[in-house]
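Pulled from TrEMBL:
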{"type": "TRANSMEM", "residues": "16-35", "note": "transmembrane segment"}
{"type": "TRANSMEM", "residues": "55-73", "note": "transmembrane segment"}
{"type": "TRANSMEM", "residues": "85-106", "note": "transmembrane segment"}
{"type": "TRANSMEM", "residues": "126-148", "note": "transmembrane segment"}
{"type": "TRANSMEM", "residues": "160-182", "note": "transmembrane segment"}
{"type": "TRANSMEM", "residues": "194-218", "note": "transmembrane segment"}
{"type": "TRANSMEM", "residues": "280-302", "note": "transmembrane segment"}
{"type": "TRANSMEM", "residues": "340-364", "note": "transmembrane segment"}
{"type": "TRANSMEM", "residues": "384-406", "note": "transmembrane segment"}
{"type": "TRANSMEM", "residues": "418-437", "note": "transmembrane segment"}
{"type": "TRANSMEM", "residues": "444-463", "note": "transmembrane segment"}
{"type": "TRANSMEM", "residues": "518-540", "note": "transmembrane segment"}
Amino acid sequence: MMTSNSWPKLFTWVDYLLFALTLLMSSLVGIYHAWRGASGSTSDYLTGGRKMPIFPVALSLAASSISTTNLLGGPTDVYMNGTMYLWFISSVFLCTPVACYIYLPIFHRLQVVSANQYLEIRFNNVIRRIASMLFVVKQLLYLSIVAFGPSLALSQVTGINAFASVGILFGVCTFYTAMGGIKAVVWTDTIQIILIYGSITMLLIKGVSDVGGLGIVWDRNYNSSRIELFNVDTDPTTPHTVWSLAIGGLFYWLSWYAVDQTAVQRSLAMPTLRSAQISMWINMAFVCGIIFLCGCVGLVMYSRYFDCDPLTSLVINKADQILPFYVMDVLGDYPGLPGLFVAGILSGALSTISSVLNAVALVVYEDFIRPFFPNMPDQTSIRLVKGVSLLFSGLSFSMVFLVAQVKTILDATVSFDGAVAGSILGVFTLGIFVPFANPIGAGVGMLTAFALMMWLLLSAQVAKSSGVVHNSQMKSFSTDKCPAYNGTSDSFLLSTNLNNSSMFDEQEVPFILLRISYLWYTLIGMLIVLVLGTIVSLMFKAISSLRSNTQLSVLEKMNDGALGAADLKNKSFTESAQVNQVFAMDEFPQ
């Protein structure tokens with residue numbers, strides 16, 4: 001049970017110290033690798049000279065792919081919607097062999113630096129640059145969402161303004177990423193994944209102990225219908241089902257591990273394809289572990305607040321505040337422990353932001369600058385890449401004020417990333433699996449998918465923010481034991497199935513595309529590219545074939561005409577010769 005006076009609890013000086021040490025440690029790693037690589041080449045700065053070890057790269061992949069999407073959004077989703085979220089683990093497992101043995105070998109065989117170089121080899125430089133621009137746009141808003149989540153958490157426990165926290169995150173990440181390049185990013189990610197695991201484990205142990213054991217955690221969640229593992233509803237508007245999480249999630253993760261520069265860059269930083277594949281499998285184990293632990297945190301949180309929900313009782317005003325509220329409620333009386341957990345959350349954001357900054361800098365340099373200045377000196381190139389990191393960091397920070405309006409971080413992150421990533425995954429898949437696909441088909445498919453999915457994303461987010469679209473899977477909450485209600489209500493159940501016909505008219509049911517689960521966005525975008533790209537390619541192939549046949553027919557007629565004239569000329573010449581011969585013979589006897 002809690003009281004409304006228990007929030008907010010703020011950091012002690014010990015927590016601030018741990019928080020500051022996390023930032024300092026990351027900065028020192030950047031300084032160290034800047035010093036070690038003072039005379040390094042551009043290749044060494046961007047790809048580690050293709051000599052990065054397996055285990056640190058695997059941990060870096062895990063840290064950068066998890067971010068605050070799972071660390072904040074995962075526990076919140078299980079707390080509000082139940083355990084179907086854990087099916088996300090299956091999609092990571094399905095994605096790993098596909099990425100390892102279908103997509104990754106192509107990049108290693110070609111020895112490219114930017115994943116988009118494949119598109120130039122397969123199609124042309126225009127398709128490569130379109131994909132690069134879409135990647136930059138995707139990461140621009142993605143970083144803003146990833147940075148705002150932990151900053152919101154930090155603001156609740158430190159008293160620091162959320163936007164000031166975002167500024168701190170971007171400042172530190174930009175510093176050590178620009179200073180140390182890919183090596184600094186990988187080694188800081190390695191440290192940060194350890195902090196993430198340690199902080200989640202600590203919170204789980206303390207949380208289970210406080211409620212009285214695992215049995216009570218299970219019973220309270222089971223009695224509230226939160227233990228749900230086999231929802232096989234085929235309705236695409238149901239947010240979390242076995243199909244949306246396993247199949248939709250497969251393509252969401254595939255867009256990251258198979259073709260996203262942030263992940264591909266790490267795989268290409270390793271000396272052999274086999275080492276890259278091993279690191280991918282190790283990464284899978286760590287990512288699945290984090291998803292599982294985050295789901296367990298959600299169950300433990302509900303077991304504590306099963307009779308007094310802080311969101312319903314208005315102690316907090318946003319779903320993403322539940323986890324920081326719980327951390328301070330459970331660990332707030334132990335100086336240093338809240339700081340350790342927030343350092344873990346912070347690490348998830350730092351790892352993702354630094355990885356994306358480094359990847360964007362590489363893409364901009366390799367795809368937009370180097371083709372025009374192939375002989376640029378290494379030192380100039382490195383300074384230019386650092387400038388790109390700084391500029392992109394500033395642009396992402398400016399977008400934070402927009403993404404502050406999203407409903408929940410998990411929904412927003414997966415929705416946006418999936419909507420844009422589908423077009424990028426689609427064009428790579430088109431190039432690999434459709435041998436007759438041409439640049440026109442690839443370009444039409446990619447741009448159409450991007451435009452349609454951005455319309456769907458923005459429309460859906462506006463509908464969710466305005467309350468037009470509701471989560472049909474959200475569970476009920478009780479405020480029976482909340483002191484703030486003074487016992488005036490025996491049971492207050494938050495009616496979260498807001499699509500109930502008793503509350504809303506059938507006329508108010510929004511358009512089905514606005515209600516479709518965000519987990520299908522990547523697959524939809526990819527299918528648009530594949531279908532349109534294939535059709536347009538076939539059309540232009542048919543038109544080209546028809547044009548070639550027409551030209552050939554004209555040439556044949558012209559040749560036939562020329563041959564006919566020649567035959568006639570030869571015939572006339574023969575006849576004339578024969579006549580002359582007769583005349584000659586006639587004259588000969590004379």
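Just so it is clear, glycine is given a Cβ too, placed from its N, Cα and C backbone atoms.
With Cβ pairs under 8 Å as the measure, the transmembrane segment (160-182) is packed most heavily against 384-406, out of 55-73, 85-106, 384-406. Using a cut-off of 8 Å between Cβ atoms, the transmembrane segment (384-406) and the transmembrane segment (126-148) share at least three residue pairs, counting only pairs 6 or more apart in sequence.
Tertiary neighbourhood of the transmembrane segment (16-35): same-chain residues 158, 168, 172-173, 175-181, 183-184, 187-188, 191-192, 195, 336, 339-340, 342-343, 346-347, 350, 354, selected by CB-CB distance under 8 Å and a gap of 6+ residues from either end.
In summary, the transmembrane segment (126-148) lies against the transmembrane segment (340-364): three or more C-beta pairs, each 6 or more positions apart in sequence, are under 8 Å. Contact check: the transmembrane segment (280-302) against the transmembrane segment (194-218) gives at least three Cβ pairs closer than 8 Å, residues 6 or more apart, which meets the contact criterion. Away from its own ends, the transmembrane segment (444-463) comes close to residues 127, 130-131, 134, 406-407, 412, 415-416, 419-420, 422-424, 426-427, 430, 469, 510, 513-516, 518, 521, 524-526, 528-533, 536 of its chain (Cβ-Cβ under 8 Å, at least six residues beyond either end). Sequence-remote contacts of a segment are chain residues at least 6 beyond its ends whose Cβ falls under 8 Å from one of its Cβ atoms, and for the transmembrane segment (194-218) they are 22, 59, 63, 66, 71, 227, 289-290, 293-294, 296-297, 299-301, 303-304, 326-327, 330-331, 337, 340-345, 347-348. Long-range neighbours of the transmembrane segment (518-540) within the same chain, counting only residues 6 or more positions beyond its ends whose Cβ lies under 8 Å from a Cβ of the stretch, are 236, 239-240, 244-245, 247-249, 251-252, 254-255, 411, 414-415, 417-423, 425-427, 429-430, 434, 436-438, 440-442, 444-446, 448-450, 452-453, 456-457, 460.
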